[in-house]
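Asks: Quick one: the structure is below, and I'll ask about it shortly.
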């Protein structure tokens with residue numbers, strides 16, 4: 001009966017993970033088709049991107065499964081292992097987790113180092129003219145792409161050999177290695193040491209991307225939802241453009257009438273002014289057409305209905321943006337608390353990647369997870385949402401900053417305008433960023449919860465040798481599990497998660513990676529604060545070039561400005577009518593004269 005209860009609980013956790021992976025597949029499909037350009041769509045690139053994003057998200061969603069499984073083996077109230085959680089059953093659970101982890105990470109590595117580069121070069125080698133003339137077949141194209149892909153495979157082999165032969169920096173003796181927890185983390189063989197080196201290097205590379213893109217995106221994602229309402233409604237925009245276009249043509253008629261009948265023709269000053277008006281007219285005509293498309297003119301009734309539904313639910317996006325903004329600030333504060341706590345109170349400092357042992361200051365995010373874990377699957381859902389929030393923030397950061405080499409933008413990521421090459425490169429960047437997100441959540445955001453979940457142990461002396469301590473009558477003697485406890489009861493009860501064990505193994509065997517990854521979290525917090533303050537108080541302005549390029553008006557302004565006008569724009573889109581208000585519908589509208 002007890003074994004059946006344990007099997008049922010672990011099975012439910014895996015079922016929840018399967019449901020999450022199914023939802024992840026849907027998210028990957030939506031993300032891919034939302035961002036890629038419909039004019040440059042490639043079936044191969046689309047499939048590779050969807051499979052890669054699904055695999056990456058499934059990998060990072062395995063962390064809450066890991067935490068839930070090790071937490072299910074112990075009673076948080078009694079500080080003892082459950083009767084069904086025998087050492088054999090626990091070893092079986094950990095082995096299953098390791099197999100899934102290694103399978104997913106191996107598949108991710110295969111995708112990022114072989115499949116995605118091959119798909120990139122396969123797309124690059126396509127020549128429509130040569131295909132039509134028959135001068136270049138699929139075989140030649142395949143071998144060209146395979147030739148370039150071998151370079152990535154060669155790079156991976158070099159990294160593996162470096163980790164195999166370079167002596168581990170954390171293999172020296174130290175006071176922090178006297179504890180059994182740390183001794184178990186030292187790499188036991190050359191192959192394991194090489195694996196920790198390779199993963200540590202990839203995590204560190206991903207941390208640089210995570211610091212820039214995720215740090216900026218964590219602030220920009222809530223702000224983008226709050227500013228999702230346009231600054232001016234589609235009907236109001238059409239009325240404004242029509243007024244400006246009529247004014248422009250009237251000025252052209254005045255110039256032509258003023259110069260009618262002149263024997264020496266139009267003066268140079270009038271010619272320059274007329275040319276400027278003609279260019280402005282073409283821009284206004286294009287904007288008028290784009291505004292009509294945005295309003296739904298000439299589209300089906302379903303499209304127009306969907307436009308009104310989107311406008312109707314904009315207030316909910318505003319509310320969601322505010323909630324995400326509060327969550328961002330909470331996560332930022334929690335990371336800062338953990339970072340300061342680790343920097344001041346770590347038991348081994350830079351020698352082991354600033355492992356803390358136990359939290360010395362109240363940390364809100366960790367506390368929320370520990371408390372919610374008492375009612376499974378609440379903590380799993382919260383952790384999945386947190387992971388998705390970090391992933392969405394990374395996408396927002398990449399879309400805003402673009403793919404750059406130093407300060408030069410190589411590719412731009414925009415909805416409906418992302419090239420296949422940019423989509424594949426962004427997928428590789430997300431793979432590295434997800435490794436860094438795993439580290440940040442497990443080591444900084446919710447360290448105690450991510451390592452031991454809700455596991456506790458009892459410090460009461462057992463009645464008989466070999467028995468578990470009994471704290472049913474002594475609840476005050478129940479302690480949360482930690483890396484620094486060496487009591488026999490802690491060794492028997494506390495089972496660290498597979499992910500935290502591997503991450504700590506990386507930082508202990510290669511302390512340089514642990515130090516870089518830890519201090520980079522403060523850079524992450526700094527990037528977030530700079531972007532957040534900038535987006536909050538940015539000066540209002542209407543970016544008309546975005547309207548010309550993307551068929552929409554995107555006014556970049558602070559969150560504390562023009563809230564009423566945004567709600568007015570939403571109401572105008574719902575009703576389809578314009579408002580006769582100063583600044584709307586007149587030629588003197590804000591930034592609407594085509595010269596702004």
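Cβ coordinates are placed from backbone N, Cα and C, and glycine is handled just like the others.
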Asks: Out of 249-271, 272-294, 295-317, 318-340, let me know the one TrEMBL marks transmembrane segment.
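Replies: Checking TrEMBL against the ranges 249-271, 272-294, 295-317, 318-340, the transmembrane segment one is 318-340.
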Asks: Pick from 222-246, 422-446: which range does TrEMBL record as transmembrane segment?
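Replies: Matching range for transmembrane segment: 422-446.
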Asks: Could you tell me whether the transmembrane segment (99-123) and the transmembrane segment (381-410) have 3+ CB pairs under 8 A, leaving out pairs under 6 positions apart?
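Replies: These two stretches do not touch.
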Asks: Does the transmembrane segment (194-213) reach the transmembrane segment (12-35), going by 3 or more CB pairs under 8 Å (6 or more apart in sequence)?
Replies: no
Asks: Using a Cβ cut-off of under 8 Å, list the residues of the same chain at least 6 residues beyond the transmembrane segment (518-537) that approach it.
Replies: 207-208, 210-212, 214-216, 218-220, 223, 328, 332, 335-336, 339, 342, 353-354, 440, 443-444, 558-560
